[in-house]
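The site 'Part of a proton relay during catalysis' feature in Swiss-Prot is assigned to THR50, TYR114. For THR51, ILE209, the entry in Swiss-Prot reads pyruvate binding site. Taken from Swiss-Prot, the feature active site, proton donor/acceptor applies to TYR140. For LYS168, the entry in Swiss-Prot reads active site, schiff-base intermediate with substrate.
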Amino acid sequence: MSYQDLKECKIITAFITPFHEDGSINFDAIPALIEHLLDHHTDGILLAGTTAESPTLTHDEELELFAAVQKIVNGRVPLIAGVGTNDTRDSIEFVKEVAEFGGFAAGLAIVPYYNKPSQEGMYQHFKAIADASDLPIIIYNIPGRVVVELTPETMLRLADHPNIIGVKECTSLANMAYLIEHKPEEFLVYTGEDGDAFHAMNLGADGVISVASHTNGDEMHEMFIAIAESDVKKAAAIQRKFIPKVNALFSYPSPAPVKAVLNYMGFEAGPTRLPLVPAPEEDAKRIIKVVVDGDYEATKATVTGVLRPDY
């Protein structure tokens, strides 16, 4: 799978990591989850990202996860590996290892967290990673998690690097519009905000890297088809019903809500690993009613005001 395959992807699912109650990875649960995603319009899969609880995964666990999912997917959709850290040297070594591992269309590298680099520091960080191997790199810009924000101007400098092929943008629609207007033609722009997918696609984004596609992929697919057919009225109607579901899925630190819904649907998503904890039982029930049944009144007390998936 290559850049060209990624270019065809509209819905890339940021895959959860299923766990047993003891916290170990439930590898037996992965096949059913993958087939569910592929049956419901997932075009690509991101592994070891935020939704996978990557801060709690060991290096060996990530490699085991990569191997397991590659075997199941067997080339049916492109795979992206989460490869970034806040240590440039460590990120370079991981990118090289993933490139040698093979089977990935790209690596997703997050903006460095905690150490709060300058724009020039971030530029040098991503340039060094992209220079290190031939694995194409997608930048993950999410200031809600990492505190600092890669500006559109710095992003466009990086977009000129031949091995930096895109961005997962979680800042603002204004930034996204600017990037889409000024980027190189082949540079991919994805939103990482499920709630912004309607607006992002209308602005000309390439797709969404999504959590909600675990549970609501059909709705997203239908909305994207309506947008492609210039049926804005239909797409907007889908979006109005979709937004409360997104709010519910991010009413507690992700991926706790989506795991609760998947467990209810019969998939063995399992618990989260500490320091993340499940949503309280009554709130989880209300989240499920919204996401599965479209009962929008059920979670009003839980999700009112939660408009952005900063979790």
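Backbone N, Cα and C define each Cβ position, glycine as well.
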> So, in DSSP terms, is TYR140 (active site, proton donor/acceptor) helix, strand, or coil?
Replying inline: strand
> If you draw a 10 Å sphere on the Cβ of TYR114 (site 'Part of a proton relay during catalysis'), how many other Cβ atoms land inside?
Replying inline: 9
> What recorded positions among THR50, THR51, TYR114 are found with a C-alpha within 10 angstroms of that of the residue listed as 'active site, schiff-base intermediate with substrate'?
Replying inline: none
>> Please report the distance from the Cα of THR50 (site 'Part of a proton relay during catalysis') to the Cα of the residue listed as 'active site, proton donor/acceptor', rounded to the nearest angstrom.
In response: 10
